[in-house]
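The structure under discussion appears below in the form of structure tokens.
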Amino acid sequence: MTDRPRLRLHDTAAGAVRDFVPLRDGHVSIYLCGATVQGLPHIGHVRSGVAFDILRRWLIALGYDVAFIRNVTDIDDKILNKAAAAGRPWWEWAATYERAFSAAYDALDVLPPSAEPRATGHITQMVELIERLIEKGHAYTGDGDVYFDVLSYPEYGQLSGHRIDDVHQGEGVASGKRDQRDFTLWKGAKPGEPSWPTPWGRGRPGWHTECVAMAHEYLGPEFDIHCGGMDLVFPHHENEIAQSRAAGDGFARYWLHNGWVTMGGEKMSKSLGNVLAIPAMLQRVRPAELRYYLGSAHYRSMLEFSDTALQDAVKAYVGVEEFLHRVRVRVGAVEPGEPNPRFADALNDDLAVPAALAEVHQARAEGNRALDSGDHEGALRQARSIRAMMGILGCDPLHERWETRDETSAALAAVDVLVRAELQNREKAREQRNWALADEIRNRLKQAGIEVTDTADGPQWTLGGDGK
């Protein structure tokens with residue numbers, strides 16, 4: 001797709017959907033706050049990766065060259081505490097779980113970032129940023145730490161809407177702070193913890209400083225889009241903006257935030273003990289099915305997890321997969337075509353994936369009708385469009401990444417012929433009002449794991465029954 005229709009995105013800073021206009025025509029720069037690698041990734045972590053991978057794929061489909069940066073926070077209080085409790089070196093602990101996150105992203109075919117900087121690899125840039133803030137009067141030292149002076153930056157709170165009088169950083173009381181609303185840029189060295197030399201003494205970086213330094217290093221002082229979970233709006237992203245602008249730079253021009261994965265209405269988190277780790281989830285469903293599920297809701301919506309919702313997503317994905325395989329068996333090769341205009345309209349409307357998926361399933365229904373009526377050209381046209389649309393969503397069933405059924409194509413063809421014959425017999429029985437025979441045929445198919453749905457266009461069949 002070379003023509004670029006108007007893309008509109010919800011900007012948290014504006015509190016509204018805005019036309020997206022990149023800094024440089026044809027180029028888009030994106031920074032996504034990545035993982036703090038303290039433990040196994042769960043579906044709440046990975047949802048942001050999937051959501052903004054769809055954004056990236058759509059921008060690429062629109063013809064943009066996309067620079068996509070996703071950082072790794074590999075030094076943090078939680079990492080240090082967990083490593084110490086386990087009797088392991090902190091760097092080994094971080095490296096172990098960084099690999100686990102990489103494996104999770106790869107399993108769900110999240111495109112690798114253009115660069116994936118680690119916090120510990122950019123200490124020099126962080127120190128330079130803090131020095132600039134001190135020189136400009138926006139930061140100060142206290143008891144070996146360095147803090148950002150919130151009152152020195154009058155625009156503080158513009159992203160989150162927090163009034164300065166109501167600010168609580170969640171850092172606890174610190175003796176070196178002039179004001180408890182200030183936040184930490186640098187933590188003074190403590191016995192047994194890693195530390196780096198600076199003009200104000202040894203120590204390690206604060207979380208909020210890390211992302212500013214790495215975003216500047218890879219995307220420059222001003223870039224297009226900053227992404228992350230909605231829980232990062234305050235204080236993390238608010239504090240990033242304050243540092244960058246107080247230092248005399250710009251920062252992100254659009255802020256996109258995804259909703260949480262919830263269970264029982266509560267955010268999925270390790271502290272609540274309600275997490276579903278990616279390795280465990282991949283024992284329950286295939287990676288493409290999990291990706292489909294995580295990407296199926298609007299990115300700004302909460303995604304309430306339930307087994308029923310997960311299985312509904314699996315059934316929907318399998319329905320698309322089976323249609324594409326039926327077309328390939330009956331008609332031949334199915335190459336990706338073009339997404340239909342309504343799909344494009346949906347994604348251009350703040351990545352409205354539910355509406356986009358509705359177009360996928362409408363195309364599947366039309367394609368099945370065409371296939372059953374012998375209109376192979378019409379079925380192929382819908383199948384090619386579906387491949388394009390599902391590819392943009394990152395879960396095209398016929399893509400080599402997800403293709404697991406080549407070896408069963410011949411068997412699927414045989415099943416299709418046999419099921420069609422049975423359904424024809426069932427239709428004859430229904431015409432003759434022989435309901436007992438019609439039910440017997442349907443039950444026989446169900447016992448074989450084949451679900452039959454009667455529609456206005458005739459019976460449709462899918463695999464997926466449990467044979468019970």
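Just so you know, glycine gets a Cβ as well, placed from its N, Cα and C.
Annotated Zn(2+) binding site per Swiss-Prot: Cys33, Cys211, His236, Glu240, in sequence order, evidence recorded as sequence analysis. Look at Swiss-Prot and you will find 35-45 tagged as motif ''HIGH' region'. Among the features that Swiss-Prot reports, motif ''KMSKS' region' is placed at 267-271. Residues or ranges marked as ATP binding site by Swiss-Prot on the basis of sequence analysis: Lys270.
Outside the motif ''HIGH' region' (35-45), and at least 6 residues removed from its termini, the chain residues within Cβ reach (under 8 Å) are 72-74, 76, 78-79, 82, 93-95, 97-98, 100-101, 104, 207, 260-261, 267-270, 275-279, 281, 290, 294, 305. Counting only same-chain residues six or more apart in sequence, the Cβ atoms lying under 8 angstroms from the Cβ of Glu240 (Zn(2+) binding site) belong to His208, Cys211, Val212, Ala215, His226, Phe251. For the motif ''KMSKS' region' (267-271), the mean pLDDT of the prediction comes to 75. According to DSSP, Cys33 (Zn(2+) binding site) sits in a coil region rather than a helix or strand. For the Zn(2+) site, the Cβ centre of Cys33, Cys211, His236, Glu240 serves as reference, and the other residues of the chain with Cβ at most 8 Å from it are Trp207, His208, Glu210, Val212, His226, Gly228, Leu232, His237, Asn239. Here the binding-site residues are Cys33, Cys211, and the one whose Cβ sees the fewest other Cβ atoms within 10 Å is Cys33. Note on His236 (Zn(2+) binding site): other Cβ atoms within 10 Å of its Cβ, all shown chains, come to 18.
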